[in-house]
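Encoded as structure tokens, the structure appears first; notes follow it.
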């Protein structure tokens, strides 16, 4: 009930200003006498996935808490896991503003943020200070000014730094807002990247005497043939999981709505069926070889169940959380 009032006020602000304001307040509430305002006591619905134990199958997708500023506050709301990032080796400002747009009628968002973040070292300091007891995923990417041909180096730098602190590491090669990034999803470039990542993972396993699983985040805009090739590469390189999907570039889904022609990736309800279709196809190709984390347009218990019925072992929310607030977490976890 209270979130509908909060949302009404926040939606009067520019989307990015609303996000920044909300995060400042969440940070203040965390570990304060007023944390009860965001705390939700939810039943345990344990899931084992990628060799990890999750208290429930619902997580927060990357992109909302890029710098790990509000891990504990978000954790208090009942998520089974939280994915922070995307983070890059060096801090970067991202693309020019405005770069985030609401499509309220469709409960969608278009963003062209461009991996704005304070860098991997800042994220690690925030993770160290966190008291969150759930599984923490850390999503990593490449800096905009790193040539795509050398992008692999950025992922390896980030892996080296986050490995001791991550429950799992997510490799983001599917954001549409970093020029050339999505080319890493194809053919030789993908094989080269996955080979380097697997080798680094095994090296770090030896160094730290613990195995941190790696999941690759893919786009919803892959053709069926491209998806078959991606699935084959993931299996051949013994990747631990796949996150499906990132945002779509297909704006036909929101044709005629305000902001529908803005450049960037579309998320929220409009991408729901597209991402579910990718999950279903992936599930058919992978045949259980590795688990799928389903994300894209989950805004209700029904949408969450659709993702899991399509083959997802875990699910994540982002836009749906912005539109529906903590009640969405409660509804899904209570009844999933």
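Think of each number as a place in line: the chain as shown, counted from 1.
Each residue, glycine too, has its Cβ placed from N, Cα and C.
Under DSSP, residue 175 (active site, nucleophile) is assigned to coil, being neither helix nor strand in the three-state scheme. Taken from Swiss-Prot, the feature active site, nucleophile covers 175.
Counting Cβ atoms from all protein chains shown, residue 64 (FMN binding site) has 19 others lying within 10 Å of its own Cβ. Feature annotation from Swiss-Prot assigns FMN binding site to 62, 63, 64, 65, 66, 86, 139, 172, 217, 245, 268, 297, 318, 319.
Taken from Swiss-Prot, the feature substrate binding site applies to 66, 111, 112, 113, 114, 115, 172, 177, 246, 247, supported by sequence analysis. Long-range Cβ contacts of residue 114 (substrate binding site) within its own chain (separation 6+, distance under 8 Å): 92, 94, 95, 99, 144, 177, 178.
When other Cβ atoms within 10 Å of the Cβ of residue 62 (FMN binding site) are tallied across all protein chains shown, the result is 27. Counting only same-chain residues at least 6 apart in sequence, those with a Cβ under 8 Å from the Cβ of residue 318 (FMN binding site) are 60, 61, 63, 64, 267, 295. With 62, 63, 64, 65, 66, 86, 139, 172, 217, 245, 268, 297, 318, 319 listed as the residues that bind FMN, the site has a largest C-alpha separation of 19 Å.
In the three-state DSSP scheme, residue 139 (FMN binding site) falls into the strand class.
Residue 318 (FMN binding site) falls outside any helix or strand according to DSSP and counts as coil. Reduced to three states, the DSSP call for residue 217 (FMN binding site) is strand.
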